[in-house]
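Take a look at the structure set out below.
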Amino acid sequence: MNNIPSIEAVKDIRSGTCGPVAAPAVTSDLSENIILTSLDDLHNWARLSSLWPLLYGTACCFIEFAALIGSRFDFDRFGLVPRSSPRQADLLIVAGTVTMKMAPALVRLYEQMPDPKYVIAMGACTITGGMFSADSTTAVRGVDKLIPVDLYLPGCPPRPEAIFDAVIKLRKKVGNESFLERKKITQTHRYFTITHKMKRINPLVNGSYLNAKTQKAALKAGDDISLPTKSESIETTTKELN
């Protein structure tokens, strides 16, 4: 009879085993500084909050960056820090017409940028060649024939608000990427797919323009009034000096 527990002892045992679990002894300051996240979210958050662009401007669209950097728009609030070296940049903003002579330099700058890297094509001349796409023999009809483009920003020129919208859309794209599956993703844009439909023409200044039909009348008129040629004028001047 002495081994039978009392009613009070049974109540104490039940309250200790079946009662509510006590709150963990964690301070409020520590609980407010703990964030549960994944590697993808942490990596993408760090990159989209600190995009460092390399500004590649060749024409009038690039003037909009003067207003963009100013205090009215202040693109530093997006974490954009312009860099002068492609090895320190992860965003290439191409603004203006790209010519055949500048194409190798643009491709070299893109290849020197570390991965992951992104490209924004800014302006009509960058995207399609713009007003130079019809008659110019040196303008590239779209920068996507040289390097991959992630975001197209049309306009002539685009306003600073449009550039902000493009940066926000690019940040969303960066935030949805996977750290482990990035190398498995292939480009699906028009990269090296459309060729330039150009034909070779003879140079206009070839040294024989005086033989054209439009110049023969002027040469005949000069002979009729006995105008001295260039060599005769030089000989006359030399004799006078001697």
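Backbone N, Cα and C define each Cβ position, glycine as well.
As written in Swiss-Prot, here are the features:
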BINDING   CYS60, CYS61, CYS125, CYS156  [4Fe-4S] cluster binding site
Candidate with sparsest Cβ neighbourhood (10 Å radius) among CYS125, CYS156, the listed binding-site residues: CYS156
Three-state secondary structure, CYS125 ([4Fe-4S] cluster binding site) (per DSSP): helix
Chain-mates of CYS60, CYS61, CYS125, CYS156 with C-beta within 8 Å of site centroid, [4Fe-4S] cluster: ALA59, ALA95, GLY96, THR97, GLY123, ALA124, THR126, GLY130, GLY155, PRO157
Binding-site residues: CYS60, CYS61 - member with fewest neighbouring CB atoms within 10 Å: CYS60
Reduced DSSP assignment, CYS156 ([4Fe-4S] cluster binding site): coil
